[in-house]
Amino acid sequence: MRVIFMLKNEVSQRKKVILFLLLILLNVTLRIYAVPHETGNDSYQIHALANSISESGTARWWLNPLSVFGLYSYSYASAVPFLLSGISQLSNVDMEKMILLYCMILGLFSIFAAYLMAGAFYNDFVFKYLFAFFFSISQGILQFTTFDASTRGMFMVAFPLMFYLLLKEDKSWRRLILIVIFLVFLRSVHNFSYFAIPLIFTVILIYMGSRIKLATKKEMKISFNSEKLALLKKVNFTHIYICLLLGAILIPYFTKLFVVGSRYQHLIVMSITTARYVGPSIFLLLGGLVYITNKKKKNSHDWFILISTLFFIPISYSHIYGKFIIIPVVIFFIAIAFKNCLFAISSKRLNTFFIIFVIISSSLFSSYYNNYRTGDSQNYWYMDEKTYQAGIWTSSYIPENSHVFTTIGSVWRMLAISNGHIEFPSLPSLELVYGFVDKPEALNNTVSLPYTNLDYYFEGPYIQQSGTSKLGEYEWMMNFDIKDRRVQNFIEKYNMKYIVYDIASKRGKIMSTVEENNDLIYDGDRIKIWLV
C-alpha cells in the first residue's frame, strides 16, 4: 500500500498528461503506413461489404435476424461494415481513406481500453500506463489497427473492456446490463466473442469460492473446531494452481488434438507465435506470472487473472484464435514484471538503460513487422499499385454492377476499389449482395447444424450447404475452353460482361483461349481485362 501511495504522489497530473501525449505520438508514428494501400485479406472483404451498404442503403446479406451477427448462411458480422459505411457517408470521405483514419482512431482507442482494463486490477498509474504502452504497440494490435479493416482489430481493441466490466465495482444490475449490451456488440463484431465466456465463468467461480470460504469460516467459528481451522490454513492454493497451470499446458497432448509432428513442435510454435505478436518484452512474461502466482496475499482480482490464464493457455495452441486472444493476459504479466524491475534495479543509470532498451526494442520490432513481412508472405500482404490502378480504371470505364469472370488472384482486392463496378462472389455474403444467388436459392442452400457440432457455436446454427459456393464454380470453369458449352452457359447464367485476369494467378486452360478469341480492353502490367 505504501508503494501505491508513493507512486500516486510522485506522478503528478502534468507528468501523466505528458506521458500520455508521448504514448499517443508513438502510436500515431508506428501507424504511419509505408505501404500504399490496405493490408491483409479480410480488409478488402469488409471494404466491399461497406461499399454495398453505401450504395444500396441496406445489408443485402441479411436473410435472418441471426445474419446481423454472422450466424446465418451467407452472412457476415455486421458492426464494422456498417460503421465504416456510416462514417464514410457522413464525412464524404473515400472508403480507403476512411479505413486508414478508422484504424488510426482504433489504435489510439486501444491505449485507453488497455488503461481501463489495468485500472480494474490495480489503481496504480505506473502499472496502468505500462499495460497501455505494451498493449497498444504490441504487433498483434498494430497489425490489425494499421490500414486493415479486419473485424479482428475491433474485437482485439474492445476485448480488454470485457475485463473492465467484469471487475468494475458498480451496482450489480447496472453492470449486468452493460455486460449484456457489450456481449451483443462483440458478437456483432466477430465470433471471437465466445472467448468472453471463460472470463464470465471465472467471475462466477471466484464469487462461489468466496461465498464458500466465508460460510466455512462462520461454521468453524460457531463450532470452535480449531483442527478444521488449522487444516484450512495449511491448504496451499499456490501449489494447487501450479499443478493446474501445468495441466493447462499439457491438456492438448492428452486430448489427441495433436496427432502429427513431434511432441514439442506445437508448444514451440505456440511460443514463437505469441512472441511474434507481443514483441521482445515477451521475456518478462515468466517473471510476472511467477510473481503473481507466489504473491502471498492474493485478492480476487489476482485470482481472476490467474484462473483466466488457465482457460486461455489451451486456446493459445490454436493457430486461428490463440495468438489474438492471449495478448491481454500476456501483456498483464509483462507489465507486472516490468514494474517490478523498475523497483528492483537500484542503479539509476542501469534503470534508465533498461527502460530505454525495452522501449526502443519493442518499438523497432513492432515498426518493422508493421511495414514488412518475411518469407513468402512479403509478396502478397498488401495490394500493389498496379492492381489499385486497374481498380480505379474499372470504376471509371466499366458500368456499375458488371458481373465478371476471373481467375481470382488479387482481383478480389481490386473488387473493393472498383466500388461495385466489377462484381464476383469472393465471399459467400457477396454472392447475395451482387445477385449471384437470390433469397429463395440462398434459403434453399441453408442447412442447420446440431448442437453437438463445434461449428454450431463459431460458424452459426445455420450454414451454407457444402458444394453450393459460386466461387467453386469459377474454379471449375478454369479447366475448360472459353467456347466450351459449359463455360458459355455459366457466363450467360450470371450475365457476365468482362473477363478479368491477374497474371500472378492460375491461368487454367480458359485463359489461353481467351487471349486468342476475346477483345482486350485493358492491358496493365498485372491486370488484363477482356470483353466477353
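For all residues, glycine too, the Cβ spot is worked out from N, Cα and C.
Remember, it's a predicted structure, so these values are computed and weren't measured experimentally.
Per TrEMBL, the feature transmembrane segment maps to 66-87 (among others).
Sequence annotations record features per position, and here TrEMBL assigns transmembrane segment to 99-121 (among others). Nonlocal intrachain contacts for the transmembrane segment (99-121), taken as residues 6+ away from its ends with a CB within less than 8 angstroms of a stretch CB, comprise 20, 23-24, 27-28, 31, 33, 38, 43, 47, 83-84, 87, 93, 127-132, 135-136, 141-142, 145-149, 153-154, 156-158, 160-161, 163-164, 166-168, 301-302, 304-305, 328, 331-332, 335.
Positions annotated as transmembrane segment by TrEMBL: 141-166 (among others). Sequence-distant contacts of the transmembrane segment (141-166), counting only residues of its own chain at least 6 positions beyond either end whose CB sits under 8 Å from a CB of the stretch, comprise 30-31, 33, 35, 37-40, 42-43, 46-47, 50, 77, 79-80, 84, 99-100, 102-104, 106-107, 109-110, 113-114, 116-117, 119-120, 135, 175, 178-179, 182, 185-186, 189-190, 192-193, 195-196, 199-200, 203, 277, 304, 324-325, 327-328, 366, 369-370, 382.
The transmembrane segment annotation in TrEMBL covers 173-189 (among others).
Summarising the annotation, TrEMBL assigns transmembrane segment to 195-214 (among others).
Residues or ranges marked as transmembrane segment by TrEMBL: 235-255 (among others).
According to TrEMBL, the feature transmembrane segment maps to 267-291 (among others).
What TrEMBL records for 303-320 (among others) is transmembrane segment.
Annotated transmembrane segment per TrEMBL: 326-345 (among others), in sequence order. Panel annotation: around the transmembrane segment (326-345), residues 3, 114, 117-118, 121, 124, 126-127, 130-131, 134-135, 138, 140-141, 156, 159-160, 163, 274, 277-278, 281-282, 284-289, 291-292, 305, 308-309, 312-313, 315-316, 351, 354-355, 358 of the same chain, lying at least six beyond its termini, place a Cβ under 8 Å from a Cβ of the stretch.
If you look up TrEMBL, you'll see 352-369 (among others) marked as transmembrane segment.
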Outside the transmembrane segment (195-214), at least 6 residues beyond either end, the same-chain residues with a Cβ under 8 Å of its Cβ set are 159, 162-163, 166-167, 179, 183, 186, 300, 303-304, 307-308, 311-312, 315, 321, 325
Which residues, given as numbers and ranges, are at least 6 beyond the ends of the transmembrane segment (173-189) yet have a Cβ under 8 Å from it?
68-69, 77-80, 151, 154-155, 158-159, 161-162, 165-166, 196, 200
